[in-house]
Every structure is written in C-alpha cells, then in structure tokens.
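TrEMBL has this to say about the protein:
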- 5-178: domain 'Glucose-6-phosphate dehydrogenase NAD-binding' (DOMAIN)
- Arg42, Lys139: NADP(+) binding site (BINDING)
- His169, Lys173, Glu207, Asp226, Lys329, Lys334: substrate binding site (BINDING)
- 181-482: domain 'Glucose-6-phosphate dehydrogenase C-terminal' (DOMAIN)
- His231: active site, proton acceptor (ACT_SITE)
Amino acid sequence: MAALVLFGGGGDLAMRMLLPSLYFLEYDGLLPEGLKIIGAARSDESRDDYVARVRAAVEGKARADDAWTDEAWARLDARLDYLPVDATDPASLKPLKDRVGDGGVTSFLAVSPSLYGRIVTALKAAGLAEATDRVVLEKPVGRDLQSFLQIDDAVAHAFSEDQVFRIDHYLGKETVQNLIALRFGNTIFEPLWNSLSIDHVQITVGETVGVGDRWPYYDEYGALRDMLQNHMLQLLCLVAMEPPSDLDPDSVRNEKVKVIRSLRPITEHEAERVTVRGQYVAGTSEGKPAKAYSEERGQASDTETFVAVRVDIDNWRWAGTPFFLRTGKRLAEKRTEIVIQFKPVPHSIFDHGERGHIAANRLVIELQPEEDIALSVMNKKPGLDQRMQLQPIQMSLSWGQGDKGAKPPRRRIAYERLLLDALAGDSTLFVRRDEAEQAWKWVDEVSDAWRGAAFKPKQYAAGTWGPQEADLLLERGGRAWNTGHG
Ligand SMILES: NC(=O)C1=CN([C@@H]2O[C@H](COP(=O)(O)OP(=O)(O)OC[C@H]3O[C@@H](n4cnc5c(N)ncnc54)[C@H](OP(=O)(O)O)[C@@H]3O)[C@@H](O)[C@H]2O)C=CC1
Ligand SMILES: O=C1O[C@H](COP(=O)(O)O)[C@@H](O)[C@H](O)[C@H]1O
C-alpha cells in the first residue's frame, strides 16, 4: 500500500483518533515502509500548518502515555502531506491521484456519511478505485436500511466487497478481541455457553457525556441508530455466534450474520414490554450540574438518548436466554461491560439462610473504564464455623496481570488495530455488507414499532442509569442489571 488518504483529515475524528493512532503505530515501528499519509479536505491549508496541527493533536496524547520520541515524530512527519480537495469532485481529486501514483491507495472517509455515495463515485472516476485500492467507511453508513442500501450500492459500484472496510471501532478494542480468545481458545466455556447454563446476558454501554455540540447529527439518529445498530449488535454477535471454522474474515462474519438473522423482530404490540426509550433531563453528572437534552438542542425533541431492549435470539443455542442491551448518554458511569449470568445451582446443600446464600456464577467482560474479564465463583469462607459459610470471589482473567511487576502493555486506541488491518487488507474485524444490512433491517423494525405504538422517550435525570422502566425490563423476570464492578 503506497498511501493512506484521510478524507476529512483535519476533522474531529482524524485529529482525536486516527492521527494519534498512526503516531502510536509509527512509534512501535508497525507502519508499512514507504507509506505516505495524506490529509485531504476542502480547507486551503498549507502542509506546514496541517502538520503543526497534527503534532499538537498527537504530542499531548503520546506524552501522557510515555510514548513520545522526537525520532518517531520525525518519521511520521516525513510521511505526512496535505492536499486541499473536494472529494466529491473527480477533477479536484486529479492532483491527489498524481501525487500517490499507482502503488495502491487506502481512502479513509472521515467525513459526513451523507457524502459517501458521491465520494466513492468520484474516487472511481479519478482512478482511485483500482484493484489495488481500498476504501474505509466510518459508521454510520446510512440512517436506515433504505439509505444504507443507496450508499452501499454506490460503494459496490466502485469497489468490490473485499476492498471495502466498514469500521465499527468496538471491534478494535482489545477486550472485544479477547472475548474471541476466551470463547475459542479455551475448552471450558463452550459446553456451558448456551441456554442450558446461561440465564441471560447483559450488555451495557454507559456514557456520562451529554450530546452537546453533536446534536445536529445525534438528533437525527438517537441511541438506537448511533450505538445499538452497530457497536452493541456487534458485541451481541461475538457473544452469541457459533464457533467459526477458522479466523478467516468470511468464516467469522458468516457466523455473525446468522445471529443477526435470528434476532426476533420487535413488533408494535411488543414494543412497550421489551424496549425502553429515554431522554435525559437536567441532573447532576460527575458532580456537576448537567443540562437537559432539550436545552442543549434548544427545543423539544423526541429523539432517545437512552435505549434498553430485551433481545431474543431464535435459535437452538439461545432459545429461552434473553439478551438485555442498554446504552445512553448522561448515565451514572462511563462503563461498558458484557455480563454472562449463569443459572443458579439446581439445589443448594448450604441452605441455612443468608449465610448460606449461593450467588449464581457470573462472567463479567469489562471493556471500559478498565479492561478485564472476571469470573465470580463461590468459595468457602476460611474458618471453623460448624456450618460452612460461603463467599463470592472474583477470579480476574485480566491480560495485563500476567507478569508480576511488569509494566502492563499500553492501552491502545481501537483504531490502531483497525488501521493496521485495513492497510494489510484483513477484513476480519470489519463489518460485511450483509451484516450491516441485516442489522439495519432489525433496527428499522424496532423504529417502526416505536412509531406505530407512538412510543415517546421516558425522562431520566442526568447522572442516573436511565428511566426506571429499564430496571423493570429485567425485574419482570426476577433479574437485575449488574451494579457491582466485577
Ligand atoms: N468524531 C467522532 O468521535 C466520531 C466520528 N464518526 C464519524 O466519522 C466521520 C467524521 O466525523 P467528524 O470527524 O466528527 O466530522 P468533522 O465535521 O469534524 O470533520 C469532517 C471533515 O470532513 C471534511 N470535508 C467535508 N466535506 C468534504 C469534502 N467534500 N471533501 C473533502 N473533505 C471534506 C471537513 O473539512 P473541510 O471543511 O475543510 O472540507 C472536515 O475536516 C463521520 O462519518 C462521523 O459520523 C464516528 C464515530 C465517532
Ligand atoms: O460511535 C460512537 O461511539 C462513541 C462511544 O465510543 P467509546 O469508544 O468511547 O465507547 C459514542 O460516544 C458516539 O456517540 C458514537 O457515535
């Protein structure tokens, strides 16, 4: 690959995530030799000004991680360039094509998704969609199935599927990949990984931030389309999928798509029982007063900033084991976790009141703020009590704690893994067209059900875990959201 072109290379995503990731890859000596990195946007900015902005964006992050060296920066600086282009206009792309030559270009579209269709068409016309070229698309691709198909048809007209890399940055997170290792690198979990042993699964992505300046985008999408359609369904797929026969991109994605196709549709009639929509009102977030969403937006809105759903997967492995998903802005904590709640023992031999209580085993896969996998098991309390007393203990399977005293590995930005894979042409951790299509189909059904049932968001105070209906969603089945850490 001769060049990586960041369309929208001066924007928020590029400056906060992509360019720092590229610096860290450079620091670790992982970028392909000779790769040029070109920022491309409409602003008439000089190379020097652009590079100075990149340095300002990268240096603080790298120093905070104790990973800044002048040598690594000099190597990245030597690769960097900037070209003012309107990516929707083939004529404007001509100088870029001349600059990168024929050695293969990866075009990363860090621009508004509304431009994707026109940009890929222009890339093809400008000779930047040849067999050796690739395109990386940020989420969200589309706002519903119809708009997704419209954009993706244009993409398919310019690039073949193996040249297309649809990013879901959650798939680049270390613990998400560790989930694959846990499930398929060990024998002990697989026999238990089904509805015979697992009572239910919870997936929580809690954020403390509000929508803030992003509301023009967010108000059109809401939590269902911004988070559930992509990140949360991807996590669900990795928990629920059958073992793929190998780690080939298509083997893994074939299994994921089967899961999405097995999601039980949510009907208008069911919407109230199995889904919760919420929107934050004023409250206290991380010790500070927080405005209501409608105040941030400047007027009332029916967009949900919180969603919780009971998802049933209609297949042999998961029949009878619900998956509960919840995500929202301005929640009580920034916490992302997957909880595998095992069934209780069928009969307790320690049944002497509270002291003999047996908590069912629980596997907690924490992605944020810490990265850890912890299994809770019951254990005997040490001592000579006549009646044996039990206590739950947490067994941490954390990857960082292997060598005692050794510095844990630097926590990588998810985009590091994904950029490296896109440059190498490995699409295992990217979303295939049919996966995105099926996910939009299911999400459209949820959205239609909400519309049909005139289902408005319930209010919740900023700094809480969402509307109380989200608790009821589990309480109805005698369950509760995980509140412990681990
Ligand atoms: N920011 C984030 O945290 C996240 C962003 N995303 C996605 O990433 C993408 C980019 O988001 P974000 O960085 O926030 O957006 P920004 O608005 O900050 O940046 C967009 C960039 O696109 C450039 N641009 C606009 N039109 C054109 C054009 N015709 N040709 C070339 N460049 C153009 C703009 O520069 P100029 O005006 O100079 O052309 C600007 O640099 C979106 O798809 C978003 O949904 C996804 C997840 C998180
Ligand atoms: O894609 C998105 O993800 C972020 C949350 O990402 P995380 O890695 O910090 O968990 C979310 O804030 C944003 O709304 C959404 O577009």
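Positions of Cβ are set from backbone N, Cα and C atoms, glycine also.
Sequence features annotated in TrEMBL and their locations in the structure.
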{"residue": "Arg42", "record": "NADP(+) binding site", "DSSP (3 states)": "coil"}
{"residue": "Lys139", "record": "NADP(+) binding site", "DSSP (3 states)": "coil"}
{"residue": "His169", "record": "substrate binding site", "DSSP (3 states)": "helix"}
{"residue": "Glu207", "record": "substrate binding site", "DSSP (3 states)": "coil"}
{"residue": "Asp226", "record": "substrate binding site", "DSSP (3 states)": "helix"}
{"residue": "His231", "record": "active site, proton acceptor", "DSSP (3 states)": "helix"}
{"residue": "Lys329", "record": "substrate binding site", "DSSP (3 states)": "coil"}
{"residue": "Lys334", "record": "substrate binding site", "DSSP (3 states)": "coil"}
Consider only the recorded positions Arg42, His169, Lys173, Asp226, His231, Lys334: which of them have a Cβ under 6 Å from an atom of ligand 1? Write none if no residue does.
Arg42
Which binding-site residues from the set Arg42, Lys173, Asp226, Lys329, Lys334 have a C-beta atom lying less than 6 Å away from ligand 2?
Asp226
Considering all pairs of residues in His169, Lys173, Glu207, Asp226, Lys329, Lys334, annotated in the record as contacting substrate, what is the maximal C-alpha distance expressed in whole angstrom?
20
Tell me the Cβ neighbour count for Lys329 (substrate binding site), meaning other Cβ atoms within 10 Å of its Cβ, over all protein chains shown.
28
Among Lys139, His169, His231, Lys334 [recorded positions], residue with fewest other Cβ within 10 Å:
Lys334
Using C-alpha atoms, which one of the binding-site residues His169, Lys173, Glu207 comes nearest to Arg42 (NADP(+) binding site)?
His169
Counting all other Cβ atoms within 10 Å across every protein chain shown, which of the binding-site residues Arg42, Lys173 scores highest?
Lys173
About how far apart, in whole Å, are the alpha carbons (Cα) of Asp226 (substrate binding site) and Lys139 (NADP(+) binding site)?
9
Expressed in Å to no decimal places, the gap between the Cα atoms of Lys173 (substrate binding site) and Lys139 (NADP(+) binding site) is 16
Counting other Cβ atoms within 10 Å of each residue's Cβ, which of the binding-site residues Glu207, Asp226 comes out lowest?
Glu207
Give me the CA-CA distance between Glu207 (substrate binding site) and His231 (active site, proton acceptor), in Å, as a whole number.
14
Could you round the CA separation between His169 (substrate binding site) and the residue listed as 'active site, proton acceptor' to a whole angstrom and send it over?
8
